[in-house]
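**Q** Pulled from TrEMBL, these are the listed features:
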type	residues	note
DOMAIN	24-511	domain 'Major facilitator superfamily (MFS) profile'
REGION	515-546	region 'Disordered'
TRANSMEM	24-49	transmembrane segment
TRANSMEM	69-88	transmembrane segment
TRANSMEM	100-120	transmembrane segment
TRANSMEM	126-151	transmembrane segment
TRANSMEM	163-186	transmembrane segment
TRANSMEM	213-232	transmembrane segment
TRANSMEM	346-366	transmembrane segment
TRANSMEM	372-391	transmembrane segment
TRANSMEM	411-429	transmembrane segment
TRANSMEM	488-506	transmembrane segment
Amino acid sequence: MSDGARAVFLALDNAKTQLYHFKAIVIAGMGFFTDAYDLFCITAVTKLIGRLYYFDPATGGQGKLPININNAITGVALCGTLAGQLFFGWLGDKLGRKKVYGITLVTMVGCALASGLSFGSTATSVIGSLCFFRFWLGFGIGGDYPLSAVIMSEYANQKTRGAFIAAVFAMQGVGILFAGAISTIVSKAFMNAFPSQPFSQVNMLSTQPEADFVWRIVLMFGAVPAALTYYWRMKMPETARYTALVEGNHKKAANDMARVLEQDFTVDETSSKAPINPNSSYGFFSKEFVYKHGTQLIGTASTWFLLDVAFYSLNLAQKDVYPAAGLLNKASSMNALEEMYQLSKAMSLIALVAVVPGYWFTVFLVDRIGRFIIQLGGFLMMSILMAILGFKYGYLRGEKNACGPDSKKEFCGGHPIMFAVLYGLNFFFANFGPNSTTFIVPAELFPARFRSTCHGISAASGKAGAIIGAFVVQYYTQDGDSNGIKKAIIGLSVVNLIGFFCTFLVPETKGKSLEELSGEDQDTGRNAEANGRNYRTNVGPESEMV
């Protein structure tokens, strides 16, 4: 490796943790904040939209989205995310992280606002425009996956790199709690301002017309915190590793990092620009890339795919766990806003107790026990917990036919506390496990010129698994029969076990520099010789970073 590049990377790897690192976590994590906010809200929002736009007097039901409409609203965002991960992942390596970073944030903020403004007075027009904007919202969110992970990875020091990347991902937890607070507050405020009787007493009058504002306000509010970070996102300099290794400009990389880290760090070079010789490095589709990184890419993509098949399929139990645990009454015993209020409270409680802690366990432990152990243990625990949940599903949940005609409960005769605990532990070990580590590792393993692309491919594989989990698996269990759900969850236990074994394709990255992991500590030296460049570095004693 050339002296100029070595000095920059050593300074980054050995830099003390400081305020800028925490600022970068917040700035980079806003995409995941928006992602989690949207995913949290959409469950409660779709129930409210069903009451508003799909009440059918002929059926006598309180109004519910048809299966295909509900799948479309949820599915278009996932499809958009998959497309965004691939496109922006590739673009981040071609144009640079910073140039693309602002585009993804503007897309997310604009489409989150537009989702709430979905126009039309008929169900078809409202749902059509909502799906259109949700696709592009997902497209922007998808771009933030590779870019945020790679930017944080390339900014972080070697000792705490895993914790910093995990903290960016943990902004999902902040988004979930924020979404829970907004959904609960808005629905409660409108419920108090526009009271109504339960559906069982007043039929369609239980759906307040003013509720049409509620779901729009909730969806739009998620864009506000993300929009506030736009200025700081634009002020972030390009990462030193991209500038030095991809653009070949070591002096600019050093100057940028000196400004960011607030240190007197300079690199004197015979030339301020060191162009990369395209013939001195292997390409993405080359045999050398396949030989060096092919197995790793298969490992990161397959584990993320298998995780999301199981993780998104947890929604199979979600629609049952709240009523079974007594957190949510029958829909017919509530008015429209009361249902949204109770559902938001129930989801917030599960998130606070089970979902969010898993993220932060990873943040605090990932650089102590390593990515490999956390991912291996997470897959194994999810497999065991899902096996228990699957084999005992009817016993734990209870059955509808066990309830009396006047019961407000959806399921009776089960063991709701144990059911909720097993369900919550699945989420805990997903987040203190592969849901976090599959995000971290692809941002560390690959060379700088392919890092964003490879992370995007791995993330897109995960979203392909999410689409299968959210729709293909759930399609065969939509009638709510406990035997069908039981078989599906047992199958998901096997999926997690396969993920356990695929983890062995992914090496441990704890305690190693990015250049050591990617092999660029050797490649850069060869490239410098091929380009005929000689560098010398002056770092004063007062500017050394330790």
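Glycine residues also receive a Cβ, built from the backbone N, Cα and C atoms like all the rest.
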**Q** Would you call the transmembrane segment (69-88) and the transmembrane segment (488-506) in contact, using three or more Cβ pairs under 8 Å, pairs 6 or more apart in sequence?
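**A** Touching, no - the transmembrane segment (69-88) and the transmembrane segment (488-506) miss the threshold of 3 or more Cβ pairs under 8 Å.
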**Q** Under 8 Å, at least 3 Cβ pairs, sequence separation 6 or more: does that hold for the transmembrane segment (411-429) versus the transmembrane segment (126-151)?
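**A** Contact criterion not met.
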**Q** Average the pLDDT scores across the domain 'Major facilitator superfamily (MFS) profile' (24-511) and report the rounded value.
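**A** That region's mean pLDDT is 87.
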